[in-house]
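Visitor: Pasting a structure below so you can have a look.
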Amino acid sequence: MSLPLPSFLSSNNYNSSETSLLTEGPESDEEDEGPLLKQYRLKNMLGYGACSTVYLAVDVSTNIEYAIKEFKKTSLRRREKFRLMQLEKELGSFNDMDSSTIEDQIRNQEKKDPYYYIRKELDVLKVLDHENVVKLYQVINSDYKDSLCMVLNYCPGGKLASVDHGISFDPMPLETCRKSFRQLVLAVNYIHGKGVIHRDIKPDNILFKENNNLCVIDFGLAEFLPKDGFVKPASGTPAFMAPELFDNELKKIKGKPLDIWSMGVTLYVIAFAEFPFNGSTILDMINVIKGKSLMIPAYCNSDLRKLLERCLEKNPEKRITIEELLRDPFLTERGKHHLTSSSIVTAFSSIWEI
């Protein structure tokens with residue numbers, strides 16, 4: 001199983017030579033104003049990844065701010081070509097002559113469905129509507145820029161934590177960890193209830209909204225669960241990937257426990273400002289995830305310790321379920337609180353207003 005270099009150990013695969021909406025969008029009708037995309041005025045870049053760039057934008061008719069995620073079709077075509085070539089190689093039917101055939105196949109699919117490259121992500125986002133999950137408002141096919149753009153809700157509070165380039169923050173207070181993880185559990189419980197798994201839960205994919213609610217973002221690796229609940233192994237961010245994903249003998253694995261493991265790593269990272277399983281190289285880190293026992297600092301709260309041990313159980317059959325998380329002693333404070341959206345919002349806001 002081949003794994004890409006995780007983003008927190010390498011630079012992003014961003015090609016700055018490709019034009020962006022901000023640098024070369026339709027001309028502004030006013031000086032010192034950003035370019036327009038439909039009714040959205042682009043203000044500044046918020047971030048970027050391998051195939052996308054995210055901008056802050058404002059709807060000129062309502063003055064409401066949004067995040068616009070732009071996908072360059074040239075990058076998407078390269079990614080899709082690589083995926084199809086890998087698939088052909090696995091089937092043993094690829095040869096050098098197939099490259100142009102694959103390109104034609106991709107172009108034909110694009111003509112049939114302009115949103116072909118991000119169809120899976122769009123289909124997932126369309127079924128999700130929850131206060132702790134990113135909301136999709138509009139999709140724009142920009143022929144002018146050869147781009148596909150998602151208009152999403154803007155989260156001005158920033159990330160839960162940034163670990164893509166290493167950890168450089170202090171451990172979060174116990175109550176902050178509790179309130180944060182409560183909302184993450186509510187979000188994932190909803191997502192799983194819709195028959196979806198996220199597959200890339202990590203602090204960088206969890207943002208704060210204006211009201212201090214958490215918002216799970218980036219469903220680029222998400223997928224709908226088959227009826228049997230099993231999925232094929234796939235790449236993600238290695239530090240947050242469950243050990244069963246590194247077992248080459250497994251052709252299919254249970255989907256929901258993958259998200260639970262990633263949630264456990266996320267909780268550990270914000271609680272202790274370090275990874276539960278780490279290594280100097282990717283291979284070293286994978287071996288640690290697969291074989292090393294979980295080590296938790298001695299000062300850890302006893303209920304938090306038990307929760308982490310259950311989330312980071314290497315056997316997915318024994319790993320805590322999302323239903324059990326809703327009743328967990330650490331999150332409910334031993335039954336004092338029920339995990340419901342309304343109760344969590346009030347409690348969480350008070351913590352962050354101290």
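Heads up, the Cβ atoms here are built off N, Cα and C, so glycines get one too.
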Visitor: According to Swiss-Prot, Leu46, Gly47, Tyr48, Gly49, Ala50, Cys51, Ser52, Thr53, Val54 bind ATP; which of Lys69, Lys73 is also listed for that site?
Guide: Lys69
Visitor: For the recorded ATP site, whose residues are Leu46, Gly47, Tyr48, Gly49, Ala50, Cys51, Ser52, Thr53, Val54, Lys69, find every other residue on that chain with a C-beta no more than 8 angstroms from the centre of their C-beta atoms, and list them by sequence position.
Guide: Glu70
Visitor: Rounded to whole angstrom, what's the largest C-alpha distance between any two of Leu46, Gly47, Tyr48, Gly49, Ala50, Cys51, Ser52, Thr53, Val54, Lys69, listed as binding ATP?
Guide: 14
Visitor: So what's the average pLDDT for the domain 'Protein kinase' (40-331)?
Guide: 91
Visitor: List the Cα distance (Å, whole number) between Asp200 (active site, proton acceptor) and Ala50 (ATP binding site).
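Guide: If we compare the Cα positions of Asp200 (active site, proton acceptor) and Ala50 (ATP binding site), the gap is 15 Å.
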